[in-house]
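Below is one structure; the comments refer to it alone.
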Amino acid sequence: MEKTLVLLKPSCVQRQLIGEILNRFERRGLRIAGLKMMQLDDAILREHYSHLADKPFFPTLAASMQVSPVVALALEGIDAVQVVRTMTGATNGRAAAPGTIRGDYSVSNQQNIVHASDSPENAAIELKRFFRPEEIFEYTSGAREYIYGADEC
Ligand code: IDP
Ligand code: MG
C-alpha cells in the first residue's frame with residue numbers, strides 16, 4: 001500500500017471546510033494513517049516549496065500558509081499518490097475540473113485548499129517532513145475487504 005501527504009491549507013481551515021474535505025478522502029476509501037494540526041514555520045515552508053523559491057509569488061505563498069494552522073494527513077491506499085492528486089485537481093482552482101476538490105471549493109491559483117504529494121518519491125520525503133514515525137499508524141481498516149478486491153492487495 002502506498003502513502004501520500006495531504007495538507008489542508010489555511011484556506012481550508014479558515015473557511016471551516018476541514019470536515020468536508022476529510023470526508024471526501026474517507027468516502028473514497030483512503031485510510032487515514034496520520035492526522036494532526038500544525039503551525040508551519042518559515043524553515044519547513046522554504047523546504048516544502050523549495051521548487052518555487054525563485055517565483056515572485058513565493059512570499060505571499062509562504063505567508064498564506066502561516067495564517068492559521070494546517071491539517072496534515074497521511075493517507076494510504078493502492079496508488080494513493082495518483083488517486084489523491086486526481087481528486088485534488090489542477091493547481092489553479094479556476095481551471096480545476098468540477099468534481100475535484102479544488103474545482104469544487106476554490107477559484108484561486110494560490111488559495112487552493114489542499115496540498116497533495118505529486119509522486120511516490122516526493123510523498124516519502126514529504127511524509128517524513130511533516131510526521132514523526134510514531135505519528136503514522138498501521139492499523140487495519142475494518143472495511144478493507146469491501147474497498148479492494150481480494151486480488152488487489
Ligand atoms: P501543486 O500544489 O498543484 O502541486 P505547485 O506548482 O507545486 O502546485 O505549487 C505549490 C503551490 O504554490 C500551489 O498549490 C499554490 O498554492 C501556489 N502557486 C503555484 N503557482 C502559483 C502562482 O502562479 N501564483 C500564486 N500561487 C501559486
Ligand atoms: Mg506541488
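For all residues, glycine too, the Cβ spot is worked out from N, Cα and C.
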Per TrEMBL, what member of N23, N112 joins K9, F57, R85, T91, R102 in binding ATP at one site? N112
Across the domain 'Nucleoside diphosphate kinase-like' (1-138), what is the average pLDDT of the model, as a whole number? 98
Measure from the CA atom of H115 (active site, pros-phosphohistidine intermediate) to the CA atom of T91 (ATP binding site) and give the result in Å, rounded to a whole number. 9
I'd like to know which of the binding-site residues listed (F57, R85, N112) lie near ligand 1, counting only a CB under 6 Å away. F57, N112
Length of the line joining the Cα atoms of R102 (ATP binding site) and H115 (active site, pros-phosphohistidine intermediate), in Å: 10
